[in-house]
Amino acid sequence: MLRGISQLPAVATMSWVLLPVLWLIVQTQAIAIKQTPELTLHEIVCPKKLHILHKREIKNNQTEKHGKEERYEPEVQYQMILNGEEIILSLQKTKHLLGPDYTETLYSPRGEEITTKPENMEHCYYKGNILNEKNSVASISTCDGLRGYFTHHHQRYQIKPLKSTDEKEHAVFTSNQEEQDPANHTCGVKSTDGKQGPIRISRSLKSPEKEDFLRAQKYIDLYLVLDNAFYKNYNENLTLIRSFVFDVMNLLNVIYNTIDVQVALVGMEIWSDGDKIKVVPSASTTFDNFLRWHSSNLGKKIHDHAQLLSGISFNNRRVGLAASNSLCSPSSVAVIEAKKKNNVALVGVMSHELGHVLGMPDVPFNTKCPSGSCVMNQYLSSKFPKDFSTSCRAHFERYLLSQKPKCLLQAPIPTNIMTTPVCGNHLLEVGEDCDCGSPKECTNLCCEALTCKLKPGTDCGGDAPNHTTE
């Protein structure tokens, strides 16, 4: 009896000692699950990685790439319980997320340009869907646990790891953002020179050559420039910036893969020491300044389209401006407001402006798309814009057939294995301004068929109308 009584204070004392420890654990968990005005904690899940037998695994019991073991598998599946229901995230590694010659450019405090080609840039970004749920989408990073975005039964979720592993507790959030008021987010069209008329197509739309062009896999080499305000918004932390930008690129591919277009990031330039142009609240002025800078810096990196992501707010509720029908040309640029650290909202604007570059117009606010939100909607929405409307797909097809932007057919390949350019083969290659075929075939008034250079005195770039998104 005495022993039992004497133990009570010890037990009580131990309980009081444990309470602060438990409270510390709870506090640590609460800090890890940081909610925002846009996101509300939905529940905690524990993903379980399922084993998938790959063809390469059957062959040699390992996944290899150029003789080296690949850290991230080409396909993964994760099972979890969400809302009391078992779901399986079925994910495929995003192809061509980064170009093989991907570079990063920063500037020293003295303004010296420092360009590097980061080593070991094997990425961990995947896209996919909920297994057996047709209209679901997923964009997930598996670098340190599962982090990203997915939809399930038309509800948008974000998932974040509580620990740096993919099979421990993860927080799942739901979005609180409501649909934006159409009156506050309008989209207009501004023509700079007005020289480019409506797209015209020949009557023989369905010739074998054109059918092949439409069916071919298409690629866009994207070059991103981040202004000084963007750099400071991320505390000048390159790791944070890189993670955010790669998340956005993965989401961008989720969207553009629906029209068989792969978007590869071939370069990221950060104006770390100060802006190289005057970045002002007028989107139109900033666009003109960026276009001039871009035209004088074309030799920096081979790319098809460039976007400036700005950390400031533009006037009049505008969030983007792009040159229409301009892919593969020196005027293929856009400026994007990227002040808010919201990857879904940012990719909505980036994908919209890229659509204008590919010949797509705005569509009315009430246009329906399978996911409920169209990429080219004239008003911005908080929903992830997964789809292109039927009319936009038709405009894209007309743009392809009338303009035949050859750079779209070039898959990203390392420059050190590029073949010698051949003028007259209809392919835009390194060192060529244009390639319209042989002198007999060429119908491009701007292109010198014998040299594949633009003719002197021609004004074939910079005259595309601009689309502004507000």
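Each Cβ is built from the backbone N, Cα and C atoms, and glycine gets one as well.
The following features are taken from Swiss-Prot:
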type: ACT_SITE; residues: GLU353; note: active site
type: BINDING; residues: HIS352, HIS356, ASP362; note: Zn(2+) binding site
type: DISULFID; residues: CYS328-CYS407; note: disulfide bond
type: DISULFID; residues: CYS369-CYS374; note: disulfide bond
type: DOMAIN; residues: 218-412; note: domain 'Peptidase M12B'
type: DOMAIN; residues: 420-470; note: domain 'Disintegrin'
type: CARBOHYD; residues: ASN61; note: N-linked glycosylation site
type: CARBOHYD; residues: ASN184; note: N-linked glycosylation site
type: CARBOHYD; residues: ASN237; note: N-linked glycosylation site
type: CARBOHYD; residues: ASN466; note: N-linked glycosylation site
type: REGION; residues: 173-200; note: region 'Disordered'
type: SIGNAL; residues: 1-30; note: signal peptide
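In space, ASP362 is the closest of the recorded positions ASN237, CYS328, ASP362, CYS369, CYS407 to GLU353 (active site), judged by Cα positions. When Cα-Cα distances from HIS356 (Zn(2+) binding site) are compared across the recorded positions ASN237, CYS369, CYS374, CYS407, the shortest belongs to CYS374. For the domain 'Disintegrin' (420-470), the mean pLDDT of the prediction comes to 72. Cα of CYS374 (disulfide bond) to Cα of HIS352 (Zn(2+) binding site): a span of 9 Å. Among the recorded positions listed here, namely ASN237, HIS352, ASP362, HIS352 has its C-alpha nearest to that of CYS407 (disulfide bond). The shortest Cα-Cα distance from ASN237 (N-linked glycosylation site) to any of the recorded positions (CYS328, HIS352, ASP362, CYS369) is found for HIS352. Secondary structure at ASP362 (Zn(2+) binding site), taken from DSSP and collapsed to helix, strand or coil, is coil. Look at HIS352 (Zn(2+) binding site): DSSP puts it in a helix. Taking CA atoms as the reference points, ASP362 (Zn(2+) binding site) and CYS328 (disulfide bond) are 21 Å apart. CYS328 (disulfide bond) sits 18 Å from HIS352 (Zn(2+) binding site), taking the CA atoms of both as reference points. DSSP assigns ASN237 (N-linked glycosylation site) to coil, not to a helix or a strand.
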